[in-house]
Amino acid sequence: MTKHGFLLATLVLAGATLPIGPVTAATPEEEQAAFQAYFKQRFPNVPEDEFKNGTYAIDPVTRENWEAIEEFPPYENAISQGETLWNTPFADGQGYADCFPDGPAIMNHYPRWDRERGQVMTLPLALNACRTAHGETPLKYKKGPIADLLAYIAFESRGQITRVEIPQDDPRALAAYEQGKRFYFARRGQLNFACAHCHLATSGTKLRTETLSPAYGHTTHWPVYRSEWGEMGTLHRRFAGCNEQVRAKAFEPQGEEYRNLEYFLTYMNNGLELNGPGARK
């Protein structure tokens with residue numbers, strides 16, 4: 001089996017009916033189509049634009065509770081603090097707006113392939129690159145001010161459509177996508193689980209009292225206020241938590257492993273509307 005066929009073969013094993021060609025000739029575009037088709041088939045009564053709501057798209061009981069929480073969302077303070085941070089000048093008199101001239105509504109520009117650096121550029125990484133370029137200390141990546149900044153940016157970006165690109169003229173971009181894909185399907189930890197075990201093959205089923213959320217929609221609503229955390233947190237904080245739940249060692253937030261994973265997973269979610277920040281259990 002070729003590396004391009006890995007995702008499609010996994011979807012076949014998970015029970016998907018794939019309206020595309022042989023698994024040995026799959027492109028990222030074909031893999032994306034198969035990924036999205038799998039979830040539409042698995043949850044035929046869920047409108048496509050509802051997948052951005054995660055578990056709440058497939059579980060009416062938890063959705064009712066979530067809608068009640070959204071009446072007075074716990075992330076409102078983070079949005080306000082993030083706006084203040086965005087508008088506060090650095091010591092040199094410059095600010096985030098000087099690095100991001102399009103304004104704060106830039107969530108759908110990331111993650112992206114940075115040809116000059118030869119790596120996946122995420123929004124948190126870009127925010128810290130802006131800070132260090134102006135002599136500021138970089139922010140920590142899991143929570144705190146970075147989550148507040150992201151909450152404000154996400155709020156300003158609501159309604160944008162996920163649109164990650166894999167440049168065809170730079171094989172390094174495809175390699176990063178492939179590495180992210182392999183991370184997603186690799187077993188790890190004492191429990192020997194992969195991301196796909198919970199969020200693809202058994203999505204929608206119960207694990208103890210929790211409904212396992214579908215991977216289609218996983219990247220639309222970050223950062224989130226999780227009741228379990230009692231505060232805002234970033235996507236890479238959640239990646240680390242998932243690794244730890246299967247008793248595997250977590251990787252560094254914004255390290256290559258998680259950035260490539262984000263690149264792959266966000267590409268799989270292309271076409272979905274961004275609706276962050278979010279609230280989760």
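Placement of Cβ uses the backbone N, Cα and C atoms for every residue, glycine included.
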Discussion item. So C130 is in a disulfide according to Swiss-Prot. Which of these is its partner: C99, C195?
Written reply: C99
Discussion item. Distance check, please: Cα of C99 (disulfide bond) against Cα of C242 (heme binding site), rounded to an integer number of angstrom.
Written reply: 33
Response to the item:
One residue among the binding-site residues H199, R238 has the fewest other C-beta atoms within 10 A of its C-beta, namely R238
Worksheet item: Could you state the CA-to-CA distance between C242 (heme binding site) and C130 (disulfide bond) to the nearest Å?
Response: 29
Worksheet item: How far apart, in Å, are the two Cα atoms that lie farthest from each other among C195, H199, C242, the residues recorded as binding heme?
Response: 11
Worksheet item: Cα-Cα separation of R238 (substrate binding site) and C130 (disulfide bond), in Å?
Response: 24
